[in-house]
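Colleague: Below you'll find the structure I mean.
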Amino acid sequence: MAEITVGQLAQQTNKEVDALLKQLKSFGIEKSSEKDTLTPAEMKTLLEKINSAKNTATRKKVTSVKLDGKHKINVSVKRKRRVAKKVEQQESTTLEQPQELETMVQEVSQQVDIVKGQDNIEQIVENKEAVKVQEQRQAEIAKPVIKDSGFKITAMPEIKIEEIVTEDDEGLSASDKQAKKKAAKKVFSEAVNTNTKYKREEEEKKSKAKKAGGKGFKKANPRQLSQLAGDLESFDEFGAKKGKLKAPKVKKQEFTKPVENTVRTVEIHEGITVSELAQKMAVKGAEIVKVLFNMGVMATINQSLDQDTAILIVEEMGHKYTLHNENALEEAVTTVDRSSYKKISRAPVVTIMGHVDHGKTSLLDYIRQTRVVAGEAGGITQHIGAYSVKTDKGSITFLDTPGHEAFTSMRARGAKSTDIVILVVAADDGVMPQTEEAIQHAKAARVPIVVAVNKIDKPEADPDKVISELAQRNVIPESWGGDVMFVNVSAKTGEGVADLLEAVLLQSEVLELEAFAEGLAEGVVIESRLEKGRGPVATVLVQNGNLKQGDNILCGTEYGRVRAMHNDLGKKIKAAGPATPVEILGLSGVPAAGDEMVVIENEKKAKELAAQRSQKQKEAKIAQEQSLKLSNMFNNMGKEGEQQVLKIILKGDVQGSVEAIRESLLKLSTDEVKVDIIASGIGAITSSDVTLAVASTAVVIGFNVRADSAAKKLAETDGVEFRYYNIIYDLIDDVKKAMSGLLSPEMKEQIIGIAEVREVYRSSKFGSIAGCMVIEGVVKRTNPIRVLRNNVVIYEGTLESLKRFKDDASEVKKGLECGIGVKNYNDVREGDQIEVFEVIEVAKEL
């Protein structure tokens, strides 16, 4: 045998060079590269190692054979025992296979050497004949083994047809290689088919059919071939049945009805929908809707429910419930650990309250030594002002709230954010409605009150009257044995102002006001607005911690980073401690007044929490709008077409003013006409507001704001009128007038004249004619009349004739005689009165 290189051997055996080198090394043949040659002795050693490895049967061998080019047969062979090398030939012809394989490998190797050395075409023909010989041997090997009565299975060694066919591929063309592969597979396929139980059963069936005189089997169609392939897969290579084929079972979904009712524990979160609740209780959504209907609530399966309603439904249907804590994220983010910080004393936050024009802002103006009132429209405070005042005895933070009725919510918000309330009462006016309301807010917030009796410089001032009126409302002065300090002041002359500040500081010492000056800041939004060029601006009162420029803050549903801070004097500052009012810029939107302000370290968490709060508000609003009760629905039946609607688009300068105006206008609604504020916001009137007004036929109202140029042009084109106001009373009065114009006028009767019957005449043309004297007003021919007898109406109709002597008259005045003929009525008697009236339209007023 000629020498061969490692690379040539790897090419002939279709192996990687590295893998072949590792295999040679495992057999004890050390080769380092593909150019190294293999001696005949090394080749012999290699063959011996391969044969010894082949003597041990593998655990499992799976081969695949294609049938008719479309179907495929997988043949699986399992061996459990070691094949003996020397077994008698008559026991099994297959035991000679290892020696024949060795001879075949040697012959193929010789053929490879010959093909390498010669390019003769005749040699290629001899190679083909050698392949035919190998195919014949393979066919003999694949013949079925003769079985005895015990059906003894002999082990068949592994047959590698691919190795036999492909070892001399270098000398053959591509078509010859393909032909060799097809021939080998065909031989093996026939061998397997003749050795299967299926083949034997087919032959038995054919023989029985011939004996019975049948025509035999028809040619199998593709469906039968597919079935044949499936049958063959159930047999192994030796005809042994692997297992009984069973038709695939169709999975049938079944439901066993429970004998007893299952009590489930339902987790309820805020805003759960009807469909979600039904799914958690394993019932249909229609069942939940039915329960809601019985409770007097109309709902759909997609409607959100509040937790209280969901709890009632769960209990009604016999289940248990647990409440889901949706504030876990908020508690984790907003909770600040201040255990390592110390508290320090802080300045008191004082809110000035009182009735309109009682001098609240004037008093604060004197304290600050500035002219704030001059800047207020009409001298009326329109929104909360936060100011910090330094005195000789310490600093005081003042919150100035509006006093008129519209700003109830703003006064309530001021009371919640304050430590002390200064109740300003005019000495010449006494206790007024907003004074009582301020007392209620202060008591509800449990805030101590210091009463400032203002305008004592006026001659008509009566402080004792104020004290007695407040005492009737349970505000008892210290001089009467109570706990409320009364101070007489004059915002005009400054009398008593120092005593008032001293009383406030004394009250703050009693309260022992403290706060944390370190750590993340907390506070409350006093006011917010949208400014051109600056964006959302919020006035914030810091209550704890230290607010610094650059902090990430969360205010209600808005978040952002503090880009700039200004104090009450308009100066830029970098940090603000407790009880300090500041103006901040950098929020994503305009927060609502009264929202809590917290500093959050992670901006991503702040954004996530703001989105969660916004979603909750939307869901709550939708749930409130959609929850119609049967009683309201029945009450509103028949009123839909009667009620007039005044649609308004409201824009204001600050959030608090817009909120107050909105509440005041909504209170004006009656059964006949209602106010519908379809949109409200802060900032200038824009073109989008005009477009909305045109689409909804609404009135655009601006409070301390104006329309931009684009909105003005669009308004001129579409015929939209803007109404501007800077005093809230004027706005409310004009809206009242507009609502009155929408009301249908009332019809009222007005008596214009009375005639007394003195004598009755008979006329062939008109019947009874009453000779009358006009004793009051004017009797007109065209007006309706009533006939009164003993001051009781006995007839109502019209006049047929009115004459003065013999002439027809259109009217007869007081003190003159006339003849009156009543149409379709002849029972006129002496002493009766004929009352003449007219119907006039009177405009309704709210």
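The backbone N, Cα and C atoms fix where each Cβ goes, and this holds for glycine too.
Pulled the feature table from Swiss-Prot, pasting it below:
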type: REGION; residues: 198-219; note: region 'Disordered'
type: COMPBIAS; residues: 207-219; note: compositional bias 'Basic residues'
type: DOMAIN; residues: 345-512; note: domain 'tr-type G'
type: REGION; residues: 354-361; note: region 'G1'
type: BINDING; residues: 354-361, 400-404, 454-457; note: GTP binding site
type: REGION; residues: 379-383; note: region 'G2'
type: REGION; residues: 400-403; note: region 'G3'
type: REGION; residues: 454-457; note: region 'G4'
Colleague: According to DSSP, folded down to helix, strand and coil, what is LYS360 (GTP binding site)?
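Modeller: The residue in question, LYS360 (GTP binding site), is helix (DSSP, three-state).
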Colleague: When the pLDDT values for the domain 'tr-type G' (345-512) are averaged, what is the result?
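Modeller: Mean pLDDT, the domain 'tr-type G' (345-512): 78.
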Colleague: Could you give me three numbers for the region 'G4' (454-457), the DSSP helix, strand and coil residue counts?
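Modeller: With helix first, then strand, then coil, the region 'G4' (454-457) has 0 helix, 1 strand, 3 coil.
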Colleague: What's the number of neighbouring CB atoms sitting within 10 A of the CB on ILE456 (GTP binding site)?
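Modeller: That number is 21.
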Colleague: What is the number of other Cβ atoms found within 10 Å of the Cβ of GLY354 (GTP binding site)?
Modeller: 28
Colleague: Using a 10 Å radius around its CB, how many other CB atoms surround ASP357 (GTP binding site)?
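Modeller: Cβ-Cβ neighbours of ASP357 (GTP binding site) within 10 Å number 17.
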